[in-house]
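J.: Take this structure first; my questions come after.
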Amino acid sequence: MVDFDVQTFIVFLVFMLSLGICHADRNLYSGLQCSEADNSSESSFGVNLDSLLDLLTQKGPLSKGFFKTTVGRSSGKIYGLMQCRGDVSAENCANCTRESVAVALHDCSKSKKVQVWFTWCFLRYSNERFFGVWDQSSAAIVNETDFDDASVVSKALTFISEVAITAPKQPLMFHAAVLDAGQFGKRYGMAQCTRDISRTDCSHCLDTQLMTFRTTIGNKRGWEVYGSSCSMWYHDYQFYSNFSITANDGELSLISIIVIIILIQMKLNPFCNAKTGARRLSLQGVATGITMAVLVFIFVP
């Protein structure tokens, strides 16, 4: 049972947080890639697609946020994959997957090859087998005017490179870390690969992203790179959750209380996580086809 002093602290902290700016993460639409209309005459493809998306939606969130499967035969066969970010809860993973499916069916209803990126999850399906094949296609979301201090830049590049080196070695090929930038605060980095590729390809994928976008992201305070086989995130606020800390039996721990407070704060403050103008502005220019909703758009074939 939480004692009176802690309860008083909680009430005070909730009040203060409701007045301040929150840096918690939100699930935002990040990009879409559709092939040209190529399935309008095949009824079997539509039936198989519905079955595939149902399976991905149902089983993915319950399988540590990753699931791949195949539905159909011969020309109607579809390969599908969904993956959520490693720090996302099963509930948020399920919600994100449903959102991705809705976008795919609305914007790519006639396409056989589709990829949808949200902050928290990634959906991909195709009539061609792609499992285990490293795809280096990537795009970056960057605010070009949000430069970091020069003294932080070199440390940041070394830091995110270490995150990229560590991720492939982890059980889920996912890694998040924190950089202490002294008087300039902290920087947070994360890297993740889709779990259908090998650890070696995961390493190559992340290295390629860093090399490709180095000049674009190198001196920025925050950025995100989304790809078909791997993705990376870097910000000056903690955008991810930490589920490695659990409450003691029969007692609500302080870390759990703070998590609850953050959730309450997100309800109280509708502007929570309006952190970067880049992401807000990017949502105003969403287009269909092969696109990434960004201020700076670079696509690597």
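Cβ coordinates come from backbone N, Cα and C, glycine included.
All annotation found in TrEMBL is predicted automatically rather than curated by experts.
Not measured: the values here are computed from a predicted model.
Here's the feature list from TrEMBL:
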- 1-24: signal peptide (SIGNAL)
- 27-130: domain 'Gnk2-homologous' (DOMAIN)
- 134-239: domain 'Gnk2-homologous' (DOMAIN)
- 252-269: transmembrane segment (TRANSMEM)
- 281-300: transmembrane segment (TRANSMEM)
J.: What counts of helix, strand and coil residues does DSSP assign across the domain 'Gnk2-homologous' (134-239)?
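T.: Here the numbers are 42 helix, 33 strand, 31 coil.
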J.: With DSSP helix as H/G/I and strand as E/B, how many residues of the domain 'Gnk2-homologous' (27-130) fall in helix, strand and coil?
T.: 38 helix, 30 strand, 36 coil
